[in-house]
Amino acid sequence: MTRKIIAVIPASGVGSRMQAGLPKQYLKLQNKTILEHTLEIFLAHPDIEKIVVAVAETDPFYPQVALLDSPKIQIVFGGETRAHSVFNALQVIEDDSWVLVHDAARPCLKRSDLDKLLQIDDKQGAILATPAIDTMKRADGNKIMRTEDRSTLWHALTPQFFPTRLLKQALISAFKKNLTVTDEASAMEFNGYQPRLIAGRSDNLKITRPEDLALAEFYLTQNTEKKI
């Protein structure tokens, strides 16, 4: 069955941990903004019909991103939190479609990982993730309480892939209960779903701190040279 697949890129955050003079999605790597690198991944995929980008209503930078003029891209205004920004984007997407939600600050996603995720046809949805390889500590402030069993722990990545109608319902339910929604999978979990974990690549990093920029630029250079 052919599915209508829409990508959602929440890009209304300010990125305070980057300590930069502008939101991190507008910082440049290889003469392109991080947002442009991210958008190019989805614009190039033949199975993705449309991309909805959620930006802050007061954002003075997004009009300068020429790629956002693509007829395949629709702009909406974000909300108070990432989850509300995603929800706002879902309002312009048909309920019978599937939605891929991806962080604007993850420009190193590989096409091979995206293709793996798009093969999933399970209404509970799926996310890219990587198994925890470091020793994981439970903390109380800055003191260790205990060591967790890392064999059952995964790092959640994006994209995260769900039926639009179910994700919308899950977010509404979470908002009504004042639950903290840190990613789309958590909203689905709160509503009794068990999204699948699809093992992804660890170089699909989220640019969060200044030191992440050099690593992301290295990965992007590798992608260009190897055409992954």
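We number each residue from 1, going along the chain as drawn.
Quick reminder: no glycine exception, Cβ is built from N, Cα and C everywhere.
According to Swiss-Prot, the protein carries these features:
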- Arg17: site 'Transition state stabilizer' (SITE)
- Lys24: site 'Transition state stabilizer' (SITE)
- Arg150: site 'Positions MEP for the nucleophilic attack' (SITE)
- Lys206: site 'Positions MEP for the nucleophilic attack' (SITE)
Protein Cβ atoms within 10 Å of Lys24 (site 'Transition state stabilizer'), excluding its own: 26
Task: Would you mind pulling the DSSP three-state label for Lys206 (site 'Positions MEP for the nucleophilic attack')?
output: coil
Query: What kind of secondary structure is Lys24 (site 'Transition state stabilizer') part of, going by DSSP in three states?
result: helix
